[in-house]
Amino acid sequence: MGYAHSAEDYASTAEALLAEMRNNAGDWDWLRRHIMPRTQAGANHEERQASSRKRMHSTAAIKALRVLTGAHIMYITPTGQQWFAIKSGLKGKKKSARHDEWFAEATETIFGEIGRSNFYTELHECFLDRCLTGTGCLFCEATPAGKLNFRHIPTGTYGIAEGAEGLVDTLARSFRLSPHQAVQQFGYRKLPERIREAWDEPKSRYTAKFEFVHLVMPRTRYEFGHDALQSRRMKWASVYMAWDAEKKVLKEDGYNEFPYLVTRFLRNGEGPFGYGPGLDVKEEIAATLKLERVMDVLGEVAAFPRILQLADQVGEVDLRAGGITTVKAAAAELKMPREWASSGRYDVGKDRIDEKERKIREAFFVDMLMPLAEIERQMTATEVNARQGEKILAFSPSFTLFISDCNVLIHRIFSVLFRLGRFAMDEVPDELKVPDMGGSENFEIELPAVEYLGHISQAIARAQQSGIEYFMQVALTYTQATGDTAMIEYVEPRKFAKFLYERTGSPTECRRTEAQLRELDAQKKEAADMQRKLQATQGARDAAAAQKDLAAMPPQGQLSF
């Protein structure tokens with residue numbers, strides 16, 4: 001079998017993935033309509049949200065969704081903070097301090113590059129989808145100018161499949177382009193006749209829309225190496241197809257790494273798509289919308305009550321503000337006109353809405369994720385850390401799933417920057433390179449370890465930090481009480497300092513390198529040796545002076561008067 005498949009195979013694979021996607025689209029469409037309608041436009045390939053005279057979305061649910069999405073940014077990928085770090089996978093004597101410094105500098109380089117890109121803007125939209133539909137998708141590529149570029153892919157426009165390890169490794173994405181865009185991306189001659197005709201017509205060149213599909217799938221045969229030059233021999237096949245008319249392959253190349261991040265909020269059975277929190281409260285969302293409409297009617301009736309009047313009073317009742325209605329004596333005895341069918345229990349309806357909105361907030365973790373500023377009393381730093389730990393650890397199952405999904409993206413970003421020469425290439429650690437077992441000089445990149453440093457990771461790691469801090473407090477108390485330093489000496493101070501420093505995500509340029517620390521140790525040793533020599537010299541002088549004084553004293557028994 002060759003490196004490429006036939007056009008029919010590619011089309012069949014894409015069609016099967018998109019068909020599987022459509023089986024899940026019903027729940028996604030419902031969630032979008034009833035929680036965040038603006039996201040429906042992206043799923044439907046529309047340029048703007050369709051107008052509707054009737055509000056169908058729940059304001060409580062959309063607020064809860066925004067809180068949960070904001071918590072993703074705040075607790076998992078905080079902007080302006082290093083929320084992950086690339087680490088060496090070696091332990092003990094095999095671990096090199098020089099390589100630790102290389103990984104630390106590489107981490108800072110990565111954050112500098114993503115900070116200059118559109119990463120956080122597109123990631124926010126990805127997190128919205130993750131919290132709304134249960135699945136979020138982000139595309140990563142390098143621009144011709146050598147910069148990172150990211151693109152959010154709306155749920156409902158792509159189908160996915162997983163590999164043996166449970167990670168998404170196959171994706172078919174549907175999207176629309178104008179003839180103008182299609183010619184720029186694929187060239188005029190490669191396009192089907194229908195699209196070329198639309199491009200030839202000035203009226204439709206920029207406004208007509210045609211459907212295309214991008215399929216990325218692993219190749220069964222590929223050329224080993226992280227920088228394979230022949231795109232059709234890369235590890236992942238990348239195929240663009242025209243989809244409106246005949247299923248025509250327009251462009252086939254490849255990627256060295258899977259270019260899509262597909263992250264799931266929670267796993268949904270054995271399927272590849274995720275499970276969103278809104279699915280647990282569909283009935284509550286629908287009920288609140290119905291109750292709100294009922295309460296609106298009840299409020300209108302209370303403000304503008306229904307009127308019961310006699311047949312001969314038609315047109316005589318003045319309903320204007322301050323209006324005067326004159327009635328006959330017989331009508332007055334019957335108390336006509338009067339309010340009719342205007343009674344209702346507004347309080348009961350309000351309580352029912354409050355209860356259902358509480359369940360919606362619980363489903364989206366709102367009560368646990370609300371800002372600490374809402375706490376009225378002042379708290380100590382220890383109390384703040386404990387409160388944050390309680391909140392975000394309850395959110396950790398979704399975070400754990402994000403870690404396994406996001407490792408694919410971090411590997412992609414690192415590899416792209418590696419090929420662009422953004423790192424210190426003359427000092428690349430060997431553990432990054434997976435050699436070719438066939439004996440060639442080619443190698444692939446494999447990140448040895450990725451440590452997440454967001455608030456959730458810090459809360460999980462804080463248990464370790466609290467443990468060692470408690471030990472140090474006990475050791476200091478013991479030392480002060482007994483004078484015995486054995487407990488303090490049990491801890492390696494610099495390893496302890498390194499552990500705390502790395503937990504803060506502080507920049508590497510503020511930290512002494514291993515070489516600087518060795519030089520500092522040498523200076524301290526030299527100063528200590530000199531101090532000992534000075535003390536020895538001074539001791540010798542003192543001894544000589546004492547000996548001289550002793551010699552100058554008269555012998556015992558020969559004291560002079």
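Cβ atoms here come from the backbone N, Cα and C positions, even for glycine.
What you see is a predicted model, and the numbers here were worked out from it, not measured in a lab.
As annotated in TrEMBL, region 'Disordered' covers the listed stretch 523-561 rather than the other ranges in 133-171, 328-366, 523-561.
Away from its own ends, the compositional bias 'Basic and acidic residues' (523-532) comes close to no residue of its chain (no Cβ-Cβ distance under 8 Å at least six residues beyond either end). Sequence-distant contacts of the compositional bias 'Low complexity' (535-552), counting only residues of its own chain at least 6 positions beyond either end whose CB sits under 8 Å from a CB of the stretch, are absent.
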